Every structure is written in C-alpha cells, then in structure tokens.
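Copied over from Swiss-Prot, here are the features:
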- Met1: N-acetylmethionine (MOD_RES)
- 1-30: topological domain 'Cytoplasmic' (TOPO_DOM)
- Ser16: phosphoserine (MOD_RES)
- Thr17: phosphothreonine (MOD_RES)
- 31-51: transmembrane segment (TRANSMEM)
- Cys36: S-palmitoyl cysteine (LIPID)
Amino acid sequence: MDKVQYLTRSAIRRASTIEMPQQARQNLQNLFINFCLISICLLLICIIVMLL
C-alpha cells in the first residue's frame, strides 16, 4: 500500500513539474472562455424563454 502511495505521489510530482507549452495553455484558456460564454448565453436564453 505504501508503495502505491509513493508511486502516485511521485507521478503527481512529475506531472506538476512538467512545464506546459505556452500554446497549449493559450488553447485551454480560449476553450474555457468559450465554454463560459456559451454557458452564459444558454442561461440568458433559458431566462428569456421562461419570462415570455
């Protein structure tokens, strides 16, 4: 059990030390922003439909 914990801990540490490429980070940010905008638009549409 300790070995598994140690392996997972070292894997997490290794994953966190890997530097993400700037392009990948930019893409993730853009995706997140787009997702937020779409969610807000859908919410507004739902509210308008309920009010009508």
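Just so you know, the numbers here start at 1 and follow the chain as drawn.
From the backbone N, Cα and C atoms, a Cβ is placed for every residue, glycine too.
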Which of Met1, Cys36, all recorded positions, has a Cβ with the fewest other Cβ atoms inside 10 Å: Met1
Integer average pLDDT (0 to 100) for the topological domain 'Cytoplasmic' (1-30): 81
Inter-residue C-alpha distance, the residue listed as 'S-palmitoyl cysteine' and the residue listed as 'N-acetylmethionine' (nearest angstrom): 41
Met1 (N-acetylmethionine) - helix vs strand vs coil (DSSP): coil
Contact set, same chain, for the topological domain 'Cytoplasmic' (1-30): CB under 8 Å, 6 or more residues outside the stretch: none
